[in-house]
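A.B. asks: Sharing a structure with you now.
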Amino acid sequence: MDSYSSPPMGGSGSSVSPEVMMESVKTQLAQAYAEELIETLRTKCFDKCVTKPGSSLGGSESSCISRCVERYMEATAIISRSLFTQR
């Protein structure tokens, strides 16, 4: 049985308040977003900047990754602000 169809609170029959349920959903969404962000940064920045993986990053690779992550985060912030101000 998956987590969406399992009874709340371990199947004891007690109900979960809407507030507790909402906090749980928010936490799960935040975790999923963080995992997706890390994967996106890996594919967009690491794969772009590190052409020959080794035991450590070179100076140019490190600065390339830093710039890439910075640009991606800035673009994400601009898009988020734009979406939330349109509502």
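Here the Cβ of each residue, glycine as well, is placed from N, Cα and C on the backbone.
Found this in Swiss-Prot, in case it helps:
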REGION    1-20  region 'Disordered'
DISULFID  Cys45-Cys68  disulfide bond
MOTIF     45-68  motif 'Twin CX3C motif'
DISULFID  Cys49-Cys64  disulfide bond
A.B. asks: Summarise the motif 'Twin CX3C motif' (45-68) as counts of helix, strand and coil residues per DSSP.
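C.D. replies: Each residue of the motif 'Twin CX3C motif' (45-68) counted once, the result is 15 helix, 0 strand, 9 coil.
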A.B. asks: Which residues in the same chain, at least 6 apart in sequence, have a Cβ under 8 Å from the Cβ of Cys45 (disulfide bond)?
C.D. replies: Cys64, Ile65, Cys68, Val69, Tyr72
A.B. asks: Mean pLDDT for the motif 'Twin CX3C motif' (45-68), rounded to an integer?
C.D. replies: 92
